[in-house]
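Under the heading transmembrane segment, TrEMBL lists 36-62, 68-98, 119-139, 159-177, 189-208, 214-236, 257-282, 302-324, 345-364, 384-402, 414-434, 440-460.
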Amino acid sequence: MSLTNITRFFHRLFYYIRLSLSSEGQDFTTGSIRKAIFLLAVPMILELSLESVFALVDVFFVGKLGSVAISTVVLTESIITIVYSVGIGLSMAATAMVARRIGEKNAAAAAKAGAQSMLLGLLVSVLISIVGVTMAPTLLRLMGGSAEVIRMGTPYMRIMLGGNLVIMMLFLINGIFRGAGDASIAMKSLWIANICNIMLCPLLIQGWGMLPAFGLTGAALATTIGRTIGVLYQLYKLNYSHGVIHLKWSDFLPDKSVLASLAKVAGNGTLQFLIGSASWIFLARLVAQFGEDATAGYGVAIRLIVFFILPAWGLSNAAATLVGQNLGAGNAERAAKSVWLTAKYNALFMLGVTLLFFFMGEWLVQLLNDDVAIRPVAVEALRIVSLGYVLYGISMVMMNAFNGAGDTKTPTIINLIFFWGIQIPLAYILSISWKLGPTGVFVAIVSAESLIAVVAMWLFTKGKWKAVKI
């Protein structure tokens with residue numbers, strides 16, 4: 001390749017990167033599919049990459065408080081993932097409906113769908129706040145936390161669950177932007193939230209000057225404050241940006257038909273992620289039976305896994321927008337081609353993560369935490385779970401494709417069968433009955449995820465998702 005061609009390549013690359021980060025709404029129903037994937041995926045990958053950086057920074061500072069603090073966060077976040085599940089489920093419904101309306105060239109209906117989804121999110125977050133604040137110690141006790149974990153984790157959980165509205169809205173409003181083809185604003189809102197988080201975390205955990213050290217509670221405060229700032233930015237962009245979505249006060253007046261359609265998609269979507277989240281809670285409970293070192297090691301491994309695969313989730317999210325917009329435009333064939341091409345790219349990325357974890361897992365764990373007691377469990381978790389990553393990368397895309405089409409029922413059934421019908425029983429048998437300990441849990445995870453990918457691909461090729469109406 002000549003120097004001129006290399007120069008042209010990088011010039012085009014940087015041009016498309018700038019375009020993906022500066023766009024305010026894109027119609028992806030025509031033109032190059034590769035370009036569409038790139039324009040959607042770049043901000044989504046950058047968005048979730050910073051999210052994963054925050055996860056590591058958070059555990060780094062929390063890790064300074066000892067293994068009990070890490071164990072506390074692991075158990076607490078297993079419950080907080082339920083909030084994430086609800087937020088993601090509602091976001092999924094918003095993305096699917098907004099993208100479909102954008103594909104139909106009906107921006108006013110897209111705005112109304114976004115506003116109605118925010119109403120649903122507000123209602124659900126109030127209910128979660130009440131339960132979280134009043135039942136925090138009980139929830140930690142049910143998770144198998146020790147007396148010290150319950151003492152340290154109760155204030156942390158109360159702040160995180162009490163302030164879940166900002167978590168909910170951050171996910172949900174970003175879903176609106178993604179459906180409109182504006183992944184750049186979704187990226188910027190999470191960047192703002194997480195940069196604030198990273199700046200506040202050491203100050204509130206360790207203290208500075210006259211500012212007292214709040215310990216683990218400081219981590220919860222930093223997270224809540226940072227995400228609040230991110231939501232304020234989102235609301236500003238919804239009202240004052242030049243994108244395709246412009247909310248009016250009248251859009252928030254309850255609309256039974258829109259709410260019913262959203263509830264149908266969001267109900268299955270929320271259940272879909274609740275099933276997955278609940279299974280992870282059960283797995284964390286199984287690991288907790290083998291001691292705090294095992295729980296802490298599992299927690300470190302999860303943080304590393306999240307750090308490296310969140311970009312893959314970002315790439316797979318592009319499939320939802322592409323499917324939704326192209327179905328709205330009546331082009332199901334283009335939607336299918338977009339999904340298969342996205343799956344190919346995601347599988348290649350996850351292959352790289354597999355090799356990294358398998359050959360450099362011990363070094364990565366040591367870099368994050370120098371506690372020798374927890375290292376063996378963390379390294380083993382990385383190596384075993386990563387064996388199914390190529391298939392997992394494909395299943396991410398397939399699940400998002402179903403969701404983007406508004407077919408949230410299919411992934412829900414898949415999750416129910418393979419998480420609770422296969423993964424949970426297998427994890428219990430291998431870890432408890434066969435006395436393999438945490439190793440049995442890790443084997444069950446990779447087995448279930450691999451089977452999910454195979455079934456998801458088979459169902460996608462049948463094409464029933466193309467006929468879903470929302």
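Every residue, even glycine, has its Cβ placed from backbone N, Cα and C.
Automated prediction, rather than curation, is the source of TrEMBL annotations.
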Beyond the flanks of the transmembrane segment (68-98) by 6 or more, those residues with Cβ under 8 Å of it: 58-59, 62, 110, 113-114, 117, 120-121, 124, 128, 139-140, 143-146, 148-149, 152-153, 156-157, 160-161, 164, 167-168, 170-172, 174-176, 178-180, 215-216, 219, 245, 258, 261-263, 265-274, 276-278, 280-281, 284-285, 288, 292, 295-296, 298-300, 302, 320-321, 324, 369, 403-406, 408, 470
Result, the transmembrane segment (384-402) in contact with the transmembrane segment (257-282) (3+ CB pairs under 8 Å): no
Interface present between the transmembrane segment (384-402) and the transmembrane segment (440-460) (three or more C-beta pairs under 8 A): yes
Among 119-139, 159-177, 345-364, 384-402, stretch most in contact with the transmembrane segment (302-324) (C-beta, under 8 angstroms): 384-402
Same-chain residues at least 6 beyond the ends of the transmembrane segment (345-364) whose Cβ lies under 8 Å from its Cβ atoms: 37, 41, 304, 308-309, 311-312, 315-316, 375, 378-379, 382-383, 385-387, 389-394, 396-397
Positions whose Cβ lies under 8 angstroms from the transmembrane segment (384-402), at least six residues beyond its ends: 301, 305, 309, 312-313, 315-317, 319-320, 323, 335, 339, 342-343, 346-347, 349-351, 353-354, 357-358, 361, 408, 410-411, 414, 439, 442-443, 445-447, 449-450, 452-454, 456-457, 459-460, 465
